[in-house]
Amino acid sequence: MRVLGIDPGLTRCGLGVVEGSVGRPLSLVGVGVVRTPADAPLAQRLVAIEQGIEAWLDEHRPDAVAVERVFSQHNVRTVMGTAQASGIALVAAARRGLPVALHTPSEVKAAVSGSGRADKAQVGAMVTRLLRLTETPKPADAADALALAICHIWRGGAQSRIDAALAAAGTGRTRP
């Protein structure tokens, strides 16, 4: 399974593609960040993020997309920008008919490090180790995107197969 992980943000939107399956070695396909200038108009920033995500979808052709679920932050402006970037990611994947999963930061941390309270350095170190890289992807948004993809391969992939089997059986039941 090839998964595009997206760590949404207005200034830096992390993108990471990982290929693998449960019980098999994972491999890095690509990692990067879409950057937008903080002083650019919001609409232009969102277009740049959409174009970046679309380019990654075209180039890497993932089987699924995993996006970090927006969680409540103290800074309303930050959470709004993150939510807007997240919406762009969801629309881009849905437009192509790709399965999309939302994972909370604590789910991702627990999946890659064993602790839902791991810090950025621990997550980066585990991503580096799991993908057998020589150095930690920078900035942290890039490492977080890879962690999202890994989390989805290990946790979300099974749920996707269950949902597909239920849909094929005609039950129409899927996970909420």
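The backbone N, Cα and C atoms fix where each Cβ goes, and this holds for glycine too.
Annotation source TrEMBL lists active site at D7 (among others). Sequence-distant neighbours of D7 (active site): residues of the same chain at least 6 apart with a C-beta under 8 Å from its C-beta are C13, G14, L15, G16, E68, D141, A142, D144, A145, L148. In the three-state DSSP classification, D7 (active site) falls within a strand.
TrEMBL lists D7, D141 with the feature Mg(2+) 1 binding site.
In the three-state DSSP assignment, the secondary structure recorded for E68 (active site) is strand. Cβ-based neighbour count (10 Å, all protein chains) for E68 (active site) stands at 27. The active site annotation in TrEMBL covers E68 (among others).
Annotation source TrEMBL lists Mg(2+) 2 binding site at E68.
As annotated by TrEMBL, active site applies to D141 (among others). In the three-state DSSP scheme, D141 (Mg(2+) 1 binding site) is classed as helix.
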